[in-house]
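Swiss-Prot annotations:
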| type | residues | note |
| --- | --- | --- |
| DOMAIN | 2-148 | domain 'Globin' |
| MOD_RES | SER4 | phosphoserine |
| BINDING | HIS65 | O2 binding site |
| BINDING | HIS65 | nitrite binding site |
| MOD_RES | THR68 | phosphothreonine |
| BINDING | HIS94 | heme b binding site |
Amino acid sequence: MGLSDGEWQLVLNVWGKVEADIPSHGQEVLISLFKGHPETLEKFDKFKHLKSEDEMKASEELKKHGVTVLTALGGILKKKGHHEAELKPLAQSHATKHKIPVKYLEFISDAIVHVLQKKHPGDFGADAQGAMKKALELFRNDMAAKYKELGFQG
């Protein structure tokens, strides 16, 4: 299930584009997630009241959380699958405190791919998309395994 060196390079190349503007990428990913899967909003007390896309775009809190999410994910992706230390606290908080189901991690993975396709069509062709999907699946599978260890059936 691991990625080849070439696949990791494709992932990290496009991730460099994300890091050049994390706030707008993070905001777009969360808006895409909430629009595509409104039920996910219920897990976010500070965003539940945001009903329209305009309200979401105007929310500094949402933008800030998008930065947090993509910064954490970037740290994990840069470990090229050797992300045990980074994953453990994330799985702990998402399983025990936030109670985020694995399905929602799938939804946000789809949102990330969607936003990258939209914002970077020239740098995110079929090979890069395949590599990113594989990297995000590896992340989700490892999160699910940690959830299981923690007794969370998310």
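Glycine is treated like the rest: Cβ placed from N, Cα and C.
Small disclaimer: the values here were computed from a predicted structure and weren't measured.
By a simple count of nearby Cβ atoms, those within 10 Å, the most crowded of the binding-site residues HIS65, HIS94 is HIS94.
Separation of the C-alpha atoms of SER4 (phosphoserine) and THR68 (phosphothreonine): 27 Å, rounded to the nearest whole number.
Computed over the domain 'Globin' (2-148), the whole-number mean pLDDT of the model equals 96. Applying an 8 A CB threshold to same-chain residues 6+ apart, the list for the residue listed as 'phosphothreonine' reads GLY26. Residue pair HIS94 (heme b binding site) / the residue listed as 'O2 binding site' shows a Cα separation of 14 Å.
A coil conformation is recorded for SER4 (phosphoserine) in the three-state DSSP classification, outside any helix or strand. The Cβ neighbour count for the residue listed as 'phosphoserine', using a 10 Å radius over every protein chain in view, is 10.
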